[in-house]
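Taking it in order: structure first as structure tokens, then the write-up.
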Amino acid sequence: MGSLVFRRPFCHLSTYSLIWGMAAVALSTAQVEVVTQDERKALHTTASLRCSLKTSQEPLIVTWQKKKAVSPENMVTYSKTHGVVIQPAYKDRINVTELGLWNSSITFWNTTLEDEGCYMCLFNTFGSQKVSGTACLTLYVQPIVHLHYNYFEDHLNITCSATARPAPAISWKGTGTGIENSTESHFHSNGTTSVTSILRVKDPKTQVGKEVICQVLYLGNVIDYKQSLDKGFWFSVPLLLSIVSLVILLVLISILLYWKRHRNQERGESSQGMQRMK
């Protein structure tokens with residue numbers, strides 16, 4: 001006599017509870033989000049950082065901190081109870097310019113090198129839950145570029161220098177053979193870097209009338225600075241030296257002739273005076 005076998009799906013309540021619990025936690029975590037945006041501003045200008053909390057729970061207090069190597073440093077807090085509270089080290093430097101518990105903004109009135117870095121905004125909600133976001137501030141200084149050239153007896157120097165923050169890079173376009181290139185960098189106390197590149201042309205006559213291009217790479221952009229080498233400048237230097245030498249020679253000859261003539265006149269007058277006395 002055969003036996004009947006009944007199969008039914010296995011269902012364990014603890015397993016389903018665990019799955020649903022994990023899903024609920026993931027869903028609640030996904031609903032809490034802090035939206036931030038990094039900023040890049042010019043040095044010694046006004047800069048603002050903003051945080052937005054995306055949750056239905058009402059925050060109790062918003063705290064801004066600066067990230068440091070050892071531990072974050074408290075800067076300012078805002079709450080409905082106490083309003084804006086700025087730490088002594090940041091007074092007259094920053095303020096909360098957007099007063100809100102879901103949206104908060106801090107503003108640096110005159111950015112300095114110390115203000116560059118990353119900042120955390122912490123939202124304390126009911127139940128002592130803390131949610132944070134990070135926004136970074138980067139400061140820059142636009143490039144100041146100088147391009148010029150100098151002729152020497154046996155070579156030509158073409159110099160291109162750029163000062164900026166962060167450090168720029170220099171390259172050349174339109175150069176030929178027989179040219180040496182040297183580049184050096186100098187760091188300044190104001191956070192900028194000067195990069196100087198010098199082209200040394202062994203035969204200057206080959207570059208007269210041509211155009212050289214100094215290319216400055218800065219923050220992903222390349223800017224061309226053009227310089228045309230004066231066509232007549234190289235030949236005018238020897239000519240000018242010859243003219244100056246000739247003029248000096250003529251002046252010396254004129255002085256010598258005048259001196260001799262004046263001396264002869266004095267001798268003649270002296271002889272006539274002696275004859276009259278006799």
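Cβ atoms here come from the backbone N, Cα and C positions, even for glycine.
Keep in mind it's a predicted model, so treat the numbers as computed, not measured.
Some features that Swiss-Prot has for this protein:
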{"type": "SIGNAL", "residues": "1-30", "note": "signal peptide"}
{"type": "CARBOHYD", "residues": "ASN95", "note": "N-linked glycosylation site"}
{"type": "CARBOHYD", "residues": "ASN103", "note": "N-linked glycosylation site"}
{"type": "CARBOHYD", "residues": "ASN110", "note": "N-linked glycosylation site"}
{"type": "DOMAIN", "residues": "142-232", "note": "domain 'Ig-like C2-type'"}
{"type": "CARBOHYD", "residues": "ASN157", "note": "N-linked glycosylation site"}
{"type": "CARBOHYD", "residues": "ASN181", "note": "N-linked glycosylation site"}
{"type": "CARBOHYD", "residues": "ASN190", "note": "N-linked glycosylation site"}
{"type": "TRANSMEM", "residues": "233-259", "note": "transmembrane segment"}
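Recorded features from Swiss-Prot, shown on the structure.
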{"residue": "ASN95", "record": "N-linked glycosylation site", "DSSP (3 states)": "strand"}
{"residue": "ASN103", "record": "N-linked glycosylation site", "DSSP (3 states)": "strand"}
{"residue": "ASN110", "record": "N-linked glycosylation site", "DSSP (3 states)": "coil"}
{"residue": "ASN157", "record": "N-linked glycosylation site", "DSSP (3 states)": "strand"}
{"residue": "ASN181", "record": "N-linked glycosylation site", "DSSP (3 states)": "strand"}
{"residue": "ASN190", "record": "N-linked glycosylation site", "DSSP (3 states)": "coil"}
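There are 12 other CB atoms within 10 A of the CB of ASN190 (N-linked glycosylation site), with all protein chains counted. Neighbour count (other Cβ atoms within 10 Å of the Cβ, all protein chains): 12 for ASN110 (N-linked glycosylation site).
Recorded residues ASN181 (N-linked glycosylation site) and ASN110 (N-linked glycosylation site) have their alpha carbons 39 Å apart, per Cα-Cα distance. The Cβ of ASN95 (N-linked glycosylation site) has 15 neighbouring Cβ atoms from other residues within 10 Å, across all protein chains displayed. Cα to Cα, ASN157 (N-linked glycosylation site) and ASN103 (N-linked glycosylation site) are separated by 57 Å.
ASN110 (N-linked glycosylation site) sits 12 Å from ASN95 (N-linked glycosylation site), counting Cα to Cα. A distance of 14 Å separates the Cα atom of ASN103 (N-linked glycosylation site) from that of ASN95 (N-linked glycosylation site). If you take the Cα of ASN190 (N-linked glycosylation site) and the Cα of ASN95 (N-linked glycosylation site), they are about 24 angstrom apart, rounded to a whole number.
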